[in-house]
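Trainee: As annotated in TrEMBL:
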{"type": "DOMAIN", "residues": "8-181", "note": "domain '3-hydroxyacyl-CoA dehydrogenase NAD binding'"}
{"type": "DOMAIN", "residues": "186-244", "note": "domain '3-hydroxyacyl-CoA dehydrogenase C-terminal'"}
{"type": "SITE", "residues": "His139", "note": "site 'Important for catalytic activity'"}
Amino acid sequence: PDIYFLYSGLIGRSWAMVFAAGGFKVKLYDIAQQQLTSALENIRKQMKELEESGFLKGSLSVEQQLALISTCTDLRAAVEGATFIQECTPENLELKKKVFSQLDLLVGDNVILSSSTSCLLPSKLFTGLKHVKQCIVSHPVNPPYFVPLVEIVPHPETDPSTTERTYALMKKIGQSPVKLNGEIEGFVLNRLQYAVISEAWRLVGEGVISPTDLDLVMSDGLGMRYAFIGPLETMHLNAEGFSNYCERYREGMRLVLNTFGPVPAFSGEVEQKISEAMSEKIPVVPKVLDARRKWRDGCLAGLSKLKKQMKSD
């Protein structure tokens, strides 16, 4: 079956690579041919680099994977034969709504219309569409090629079969889908992330710890666990089971949590302080930032390889 991606930006290209690695035929759609040509060049270059470093996903060669990806500048032609359409336009509600209303007029009753949005609620995106039962959010985590989580978030009117089919498809291409039973601001990943960010901000702001040391607490502390098990299993293992953990630590946790400050404004002096520390470590120069991102992606590639090995052992 054809899978098709709207727009050839970073997320569109990443999705295309993930699906091609899974052996699916992919069509990339964009308004400008130039965008598509450079997207394909970019994908080829990335795949070659992945192959050289031994991190290429899937059982197919680079050439076989590239052969599965085609491009298209005509929306009507792009939609033809698609079973799953993943929208990857910039995070702009009006733009996304326009795209979905165009698609709504073109698609039949069995294609899934999926959005990559990271924070727009399904009820804002899909309400009023004829095919709302076939609409869903599939939010990937950057970079999706190495970080497999996908949050699947239904609209109140999404058909359960749409959710099931999307979940099965994500599993099939090797991602790790999770189902939300309803929509909520920030979905789940960002709610957890923002909880960590706001406490990090308060600790640095109150002068308890330096910004670089704060990051170390996560990368060489909590994060090492969380790469393999979540907070709930951590609790379960750190005592004689979950209920025993609650019994032991319930009072202490509440005591600490009651000392948390209000939600920060994320601006002002603390922003300056963190910004200076980060810029000293990684200067805000495109070349330096890109090199560090590349290093991060290499680390994630190595980690995802290790996680696969640990699972199969």
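From the backbone N, Cα and C atoms, a Cβ is placed for every residue, glycine too.
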Trainee: Averaged over the domain '3-hydroxyacyl-CoA dehydrogenase C-terminal' (186-244), what pLDDT does the predicted model reach?
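Mentor: Average per-residue pLDDT within the domain '3-hydroxyacyl-CoA dehydrogenase C-terminal' (186-244): 98.
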Trainee: Which chain-mates of His139 (site 'Important for catalytic activity') that are at least 6 residues away have a CB under 8 A from its CB, listed by sequence?
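Mentor: Listed in sequence order: Ser116, Thr117, Ser118, Val150, Glu151, Val153, Phe187, Leu189.
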